[in-house]
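Annotation source Swiss-Prot lists topological domain 'Cytoplasmic' at 22-34, 91-100, 158-166, 219-225. Positions annotated as topological domain 'Lumenal' by Swiss-Prot, on the basis of similarity to another entry: 59-68, 127-131, 190-196. Annotation source Swiss-Prot lists transmembrane segment at 1-21, 35-58, 69-90, 101-126, 132-157, 167-189, 197-218, citing similarity to another entry.
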Amino acid sequence: MTLFHFGNCFALAYFPYFITYKCSGLSEYNAFWRCVQAGATYLCVQLCKMLFLATFFPTWEGAAGAYDFIGEFMKATVDLADLLGLHLVMSRNAGKGEYKIMVAAMGWATAELVMSRCLPLWVGARGIEFDWKYIQMSIDSNISLVHYMAVAALVWMWTRYDLPTHYRLPVTVLLGLSMYKAFLMDCFVHMFIMGSWTALLLKAVITGVLSLSCLTLFVSLVHGN
């Protein structure tokens, strides 16, 4: 039963990535090693972020249950490095915009999945007692994939030299929302004392709205040109 539960969690977390890679056409472009390079860039960026946070934002010691809004906001600002990393990955790849976006998003999201969820699933999902948090973790990995696709598309649009002026503001706003999404989620969860499933649903809704808005801008920009 424990192995069956682990298999379900593993399939729920990893198969959408495999299906996306196959159905997006990346496999036809032999983009596997490009995705690996994007994943390696993700690791370097996260290492730099950890060193920066450990140096300039040490652990805040406040009252029990208190939430340091200003400190967490400043820490969320460090996620700007992710946007720079995605831009670096896309700038090093030649090809159409769709190809650059998919390579960067797949490599980035897969690296995050392997580094942050592989070990917890292997250790926890094989435990004797069933726990919903591993199902939630697997679902959250799919939300992260959609999130990074939207962010990569926004970064690609924002860095275009021929981006029309009237696109600049909405793209910038969406980039800001994507960067501070985790911080806003933590604020909502803390203020309204949300349960884990409610928080996951809220994250899915916010990511969906962000992604649909990004898709609308991307399609209108590409077909407009």
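Glycine is no exception: its Cβ is also placed from the backbone N, Cα and C atoms.
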Contact between the transmembrane segment (35-58) and the transmembrane segment (101-126) (at least 3 Cβ pairs under 8 Å, separation 6+): yes
Stretch with greatest number of CB pairs under 8 Å, the transmembrane segment (101-126) reference, 1-21, 69-90, 197-218 candidates: 1-21
Long-range neighbours of the topological domain 'Cytoplasmic' (158-166), counting only residues six or more past its ends (CB under 8 A): 87, 90-91, 172, 175, 221, 224-225
Stretch-averaged pLDDT - the topological domain 'Cytoplasmic' (91-100): 86
The transmembrane segment (167-189) and the transmembrane segment (1-21) contact flag, 3+ Cβ pairs under 8 angstroms: no
